[in-house]
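Q: The structure that follows is given in the form of structure tokens.
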Amino acid sequence: MEFPIGSVGTTNFRRFTPESLAEIEKQIAAHGAAKKARAKHGERKGQDEKPRPQLDLKACNQLPRFYGELPAELVGEPLEDLDPFYSTHRTFMVLNKGRTISRFSATWALWLFSPFNLIRRTAIKVSVHAWFSIFITITILFNCVCMTQNDLPEKIEYAFTVIYTFEALIKILARGFCLNEFTYLRDPWNWLDFSVITLAYVGAAIDLRGISGLRTFRVLRALKTVSVIPGLKVIVGALIHSVRKLADVTILTVFCLSVFALVGLQLFKGNLKNKCIKRSTDPHNAYNFSSQMADNFYIKNGTTEPLLCGNGSDAGHCPSGYICLKTSDNPDFNYTSFDSFAWAFLSLFRLMTQDSWERLYQQTLRASGKMYMVFFVLVIFLGSFYLVNLILAVVTMAYEEQNQATIAEIEAKEKKFQEALEVLQKEQEVLAALGIDTTSLHSHNGSPLAPKNANERKHRIKSRVSEGSTDDNRSPQSDPYNQRRMSFLGLSSGRRRASHSSVFHFRAPSQDVSFPDGITDDGVFHGDHESHRSSLLLARGAGQAGPLPRSPLASSPNPGPGHREEGQLTAPTGELTTGAPEDLALEAAGQKKNFLSAEYLNEPFRAQRAMSVVSIMTSVIEELEESKLRCPPCLINLAQKYLIWECCPKWMKFKMVLFELVTDPFAELTITLCIVVNTIFMAMEHYPMTDAFDAMLQAGNIVFTVFFTMEMAFKIIAFDPYYYFQKKWNVFDCVIVTVSLLELSIAKKGSLSVLRTFRLLRVFKLAKSWPTLNTLIKIIGNSVGALGNLTFILAIIVFIFALVGKQLLGEDYGCRKDGTALWNEGQLRWHMCDFFHSFLVIFRILCGEWIENMWVCMQVSEKSICLILFLTVMVLGNLVVLNLFIALLLNSFSADNLTAPEDDGEVNNLQVALARTQAFGQRASQAISSYFSSHCRLRWPKVGSQLGVKPSLTSSKAEHHITADAVNTAVGTSAKPALSGPKEDPRDFITDANVWVSVPIAEGESDLDELEEDIEQNSQSSWREESPKGQQDQLWQIQRCEDHQVPNSPGSGMSSEDLASYLGERWKSEATPQVPAEGVDDTSSSEGSTVDCPDPEEILKKIPELADDLEEPDDCFTEGCTRHCPCCKVSTSKFPWTTGWQVRKTCYRIVEHSWFESFIIFMILLSSGALAFEDNYLEQKPRVKSMLEYTDRVFTFIFVFEMLLKWVAYGFKKYFTNAWCWLDFLIVNISLTSLIAKILDYSDVASLKALRTLRALRPLRALSRFEGMRVVVDALVGAIPSIMNVLLVCLIFWLIFSIMGVNLFAGKFSRCIDTSNNPFSVVNSTIVNNKSECRNQNHTGHFFWVNVKVNFDNVAMGYLALLQVATFKGWMDIMYAAVDSREINSQPQWEDNLYMYLYFVVFIIFGGFFTLNLFVGVIIDNFNQQKKKLGGQDIFMTEEQKKYYNAMKKLGSKKPQKPIPRPLNKYQGFVFDIVTRQAFDIIIMVLICLNMITMMVETDGQSEEKTKILGRINQFFVAVFTGECVMKMFALRQYYFTNGWNVFDFIVVILSIGSLVFSAILKSLESYFSPTLFRVIRLARIGRILRLIRAAKGIRTLLFALMMSLPALFNIGLLLFLVMFIYSIFGMASFANVVEEAGIDDMFNFQTFGNSMLCLFQITTSAGWDGLLSPILNTGPPYCDPNLSNNNTSKGNCGSPTVGIVFFTTYIIISFLIVVNMYIAVILENFNVATEESTEPLSEDDFDMFYETWEKFDPEATQFIAFSALSDFADTLSGPLRIPKPNQNILIQMDLPLVPGDKIHCLDILFAFTKNVLGESGELDSLKTNMEEKFMATNLSKASYEPIATTLRWKQEDISATVIQKAYRSYVLQRSLTLSNPLRVPRAEDDDAPLPGEGYVTFMANDSGRLPDKSETTSATSFPPSYDSVTRGLSDRVNISTSNSMHNEDEVTSKEGDSPGPQ
């Protein structure tokens, strides 16, 4: 950490002069020379040493305060760069008034202007000026507004071009053009500007029609707003980041869609051309004539489209008189087809995005057959749900990563800031110790740092500061100002909160004293988009070898001893410090920060230094304080003077009375009730209304408005306006009341009637007392805050695309002057003639509906442009940006928030009021009961004692009793109540001594379940308060009870036998607890009672294992029965009852037997299956009908028998306390009742018919019996509270829109229709203007005045309409009706009310988008909660441990395998060498791709020749792949089938050959076989493509996620199937006879079980449910006939609207919102897991690769390799485990154990290499031990070898031996030389003389290379724990120091020479 505090003062800012430039040149030269020198010596500069730019000095950031105040004369002037990084770059910086940093190149601009040229300096000054940016931004915005207009003069366009040209010229003059850094074109945003300007000039120069396309690029100017507003750049960064991340998903999506498209092409090509054509009466006339004539087509009822058909048995059939023939055109303007790969791909993309896919589904099934539903199920579930949600998962992840990075930056910066302040603080202490009075400097304005407005600040806080600093006796904490300052300086004891849940979350500055960003001049915080400073304050100077911080010393008149003239800093020792700033900082830190210390400074400088320090601190802290103030101090003083009303004492008294009144809890309760009643009043509005009802509602409105106005007035007087308006809720109230008063003064029918809708916002006041609503509003608020920038980006995207559409395609839509569009003689609603309509089209695409608009566009304009535009909007806008929205939403959402809202410490008055009311009610009821008991002398207790009943906790009224005193104390002392606080555990009151419970006298025994239920009831209704310590003893017996239950808690791991004995002991020892008598309240009749625990036997019966052993049924009746009716209590020891007891035991054994259960499951399945046959055609099949009636009776008897058996076996008590048994009981009763009714011939009664339909619930009984479904149901049940919460909140949100809809549209959706047309048409408003005219003109009987079926006539219908809008199904009709509406009973007119579109846009954003995505949030969160509850082991591991754990887990499951041995036969060997080469695999992959391409070329109706060629090519590929298969089998022999992929290839080859053979056979027998079979066989070819997956790693990860999801998805699928099954049975019973219209026709209907399932599968994704509901909403003419006779007894083809609405809305909520979202939750969860696996440092693949490489080095799979081969092995590995050569030293340092023969075990190597990748961690020794044990168990080879040494030991021994050898040789050599020297004089001491050969020895030792440092290897010695003994002694004896210096190696050598290691 560099502490740049040394750099305060104005001296930081020095003008950039030619000398500065010369200095930079010198630095660059020195830097280059140093670099060359390093290169010459072969040194590599470490990565850590690379200097990086300081984050806080980035261009566009604001300069932090610490650098001092910028003198006015230097604003906009070139300055020397403060960032040391740029000391070797030819740059300078410029600061504007707002201290924003701009960097410029110091080279010559355009080779003409030097940095000191006057023209260039002026351009620089202009370009950095704030007003310049503001002017350009305003110009851009104005230009955008102009572009939305249709007919703009060309001159305006030229004006804008001139302004942009001027801007570009200024920037180019200031920056230079493109060659150097920081020049104009080096900024990518300027590319955009430049291209826009260039294109403008090109367009002006060449005025041609084709060039108008160029003009479209003007639109890109809107993007310039992004470059001007800095916050947006970050979001764009996140978007680009997520788009990059989408690469893998995009590849997978394209691959999957291609495969599905190929399947579609093979199955359905040409089918959609089949249409029903009139049979020709002329036998000679060829059919091809009639097939082309549109007049001959059969038109589908209610539409203008020809009816499709197919020739298959289950395809759609033609009516009589028509024949099914293939025509030339496909449906939807010939765009919907599978005729070629491109169209099939488009259809599949449409299916994936689920845009009107139900239409494609119906067309395809009608043309091909119902069996192809399977194709759609696969595509929707695997393609659509999986792929689209993968995109969501990836975008969410990318966003999270971006978020984490930003948060990390903020935190690092805060830490540095904190450290810097600590340094400042220390420095201040030093100065104080030196006797400089820092306090006197507080008022000093002479400091160069003193801010301009320091005087104002000084006056404001002078008194506080001086008090705090001069009075030594006062503690600093006693003053809030000081306290804040202390905590700010990091001196307080409390820790700061670091809660960054999201970067984009708005956090009020008051929440924590941290500096997320630079603070500007005016004390405003800058948003999180600014980059975060790595070093806050480091200055720079010109040193010799690198940038040096310049100290204020440089400018001081008489510097201290640490100063040199040239601006270099010297340490006190006098040495010149040079080098990088990091080195300097370290060095300075090492010397106790001498360069910061004030100790060696002389007096004048100390004073200046002190002023700087104090000035920095005060300036920063005061600025923080100011930023917290909402308005300027002068306004605050004014407000305090005039807005706090304190007059005479009487007024004050009046105020106190009002204060008591408005703060009373009952006032809050009253207001809440009024809000609820007011809301109900508003919701009661409907059409048509009687005048009396209307008058009542009006009167109610006036009363409520007056009431709320009074409330506001009272509160303002009681609190004073000053305090009243500081609360947001009060401001909210005030606005609503004002609008309500305004609305009362306006006539009801006025244009401002929409003001009434503002009253609806009162509903939000409920949030004050409804925590869930409050939380949700907060979530949406947070998201909207967080989404500010993103919303802006989305708005820009919509704006740009809308303009592009208008410019490119507008003219093609046949636009007229009034902005409407004509096409094919009809008006278009969706066109791009004007900006508003263009915006609507783009918005509709963002809602996911793109295909229909695109068809129209392709009809009127160029197909390619339409395709590109629409798909770009769809992919960019919908899939990326909207998913980023959802990611943000999920990020700010958590079910914790919903289930446990944070307690803000305030007493909830509503709860207090409710508690008071409750207490009053309980006291009243108690008084009454005590009165009756004293008079009537009831004797229940006596009965209880006769029966031997033990007292216990049971549910009774008295249980909810709270002492009145307790309530009063709570309210009086404002104790914190926790009434029904969801975050408390229901059992808390047992363990919490502060909770007061009054316990009633027990009535009989209760089992554990009852006890828990009672506890839950108690917790929800009991009043909690802090009670005095004395009262705590009263709960000790309850706590003891809790102690009894502990062992029975789930997961306690106690065996049932232990439990039995434990409970028995406890029971005996604590049978009669004593109760302390003190503190018992008179008012309670029951507090002194004992509370016993249940009998242990009772508990034991609840334990399943023991229940089996006991095999004895429970008591038959409940305690209540036996108490009230003693005859029910029987003695089993007496005669008649003994037999009964034996019977019960027998029944119990039967019921508990597994066979019995299996039989019942079988019966349930059979009976459910039987229901499926009761369809609409049953009356025509008398045999089937009679058989079904018979089987129905049989099933009913069986189920009744089962129920009776269970009653006898379990007893009533156990049977009726089980929820699943209740379900069985109800379903059996339904069957029984309907059977009895049938026998008594009452079956035609309507109510009994409805009862019969309830038999559809029978399959529900299967739920409890299938484990998979039960798991899902349990998970769902767990999520129900949260789901209900969200549902309720959605309803509240929607209520507002629904009431608004009723206000706007009630009665306005009616219209006059002409039924003579098909489909019915709306009569033009010029012919019929209103209802009466429609009735008068109905001469033909064809005119009907009808209402749109889904409308806003009342709030309930409004809800239905909103559900259709939110699911985007049927919303068009509702919108059209709204937009065309005029007045009540007036005929609608085309787009008369155009801007009503905006009502729907707003609802879709808030009501649809937010609320429906909250479902995803809730469910995902609940899954995660439950996962944590179930598998908590992960939570207690650190991230690092998890990495290790996962890596070890993976490598533990692997072991070396023998490679496939090379065959001995030379031919086989040759082939083996070919097929095992990588090149062979690559060739095969290329061939597969080519095969795929040839399959894509196929089209419908291709020529014979093309068919032949493609057939031959196919045969060639089959031959190639067969050849590959044969070669591999020949070479690999039996080993071929050991690989899964080989087996897959083999199957594909067999199928391919089979399909060729079958094709040949079928060709000759074409007339006998259906072509479908032929097509399905050809699909085998597609299997080959799937082999590509083998090669793509990214795709494998994503598919791995899918594979992991499959089990869970299967369970969810089962549940979904069950729901569909039940609903289809209901549908058959209720809607079989509705008229065929809209979505219901002869194929998609509820007449048979199969057809019902087709319909329900379609609406599982909510697709087309409006079409299915539409006919069911018909109640009479002209739509249906209620008197029509049908097949069966029921009459008419009208529907039942109520049943239909309930049926469809419940199904949509269950399937589309809940079950499908569970599916999504599972996918997201598993995707995260899979991605974690793939992003971990070591993946499964790395370990596989390790073992694959191992096989080459250890062909015999001995699991050992020679130490000599280790270096090659390490180098051969790939990926993170590889250790490239030269690696000898690293390997030796790993200290690997050696076994005899110098071999190393694979596990040791893998452990060491893994550690090399993951780094040190001391926590995992035990894990390694476990791993090794596991490995030993599976691979016994290792256990037989005990290590004898390690690689390090071996090296040391080797070196020691070498050293001794060399020394000895040297000695021998010298000796022989000496002895042979004839001049030598022999001496007696020769033998003991020291050897003179030390230099030689050292040289030899150095030769053997660098030795490892023992400190690097000590932790490795424990690596394989079993070898500790080998290495421990070694580490004790040997001490090796690592260094490249000879000096160190000398030491080692001498040591080794002295103590040789054991050999």
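The backbone N, Cα and C atoms fix where each Cβ goes, and this holds for glycine too.
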Q: For the feature N-linked glycosylation site in Swiss-Prot, which residue out of Asn311, Asn897, Asn1324, Asn1835 does the record point to?
A: Asn311
Q: Cys857 has a disulfide partner in Swiss-Prot; which of Cys847, Cys866 is it?
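A: Answer per Swiss-Prot: Cys866.
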Q: From Asn288, Asn1330, Asn1902, pick the one Swiss-Prot annotates as N-linked glycosylation site?
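A: Checking Swiss-Prot against Asn288, Asn1330, Asn1902, the N-linked glycosylation site entry points to Asn288.
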Q: Identify the disulfide partner of Cys276 as annotated in Swiss-Prot; candidates are Cys178, Cys318.
A: Cys318
Q: Going by what Swiss-Prot says, which of Asn334, Asn445, Asn1229, Asn1935 is noted as N-linked glycosylation site?
A: Asn334
Q: Based on the record in Swiss-Prot, is it correct that Pro688 and Ala1601 are on the same side of the membrane?
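A: Going by what Swiss-Prot records, Ala1601 is on the opposite face of the membrane from Pro688.
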Q: In the same chain, which residue numbers or ranges, 6 or more beyond the ends of the topological domain 'Extracellular' (1672-1699), come under 8 angstroms Cβ to Cβ?
A: 1176-1180, 1244, 1313, 1315, 1320, 1344, 1346, 1349-1350, 1630-1631, 1633-1635, 1637
Q: Looking only at residues six or more beyond either end of the topological domain 'Cytoplasmic' (1597-1611), which have a C-beta under 8 A from one in the stretch?
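A: 248-249, 252, 381-382, 386, 390, 1268-1269, 1271-1272, 1589, 1719, 1722-1723, 1726-1727, 1729-1731, 1733-1734.
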Q: What mean pLDDT does the predicted model reach across the topological domain 'Extracellular' (1672-1699)?
A: 84
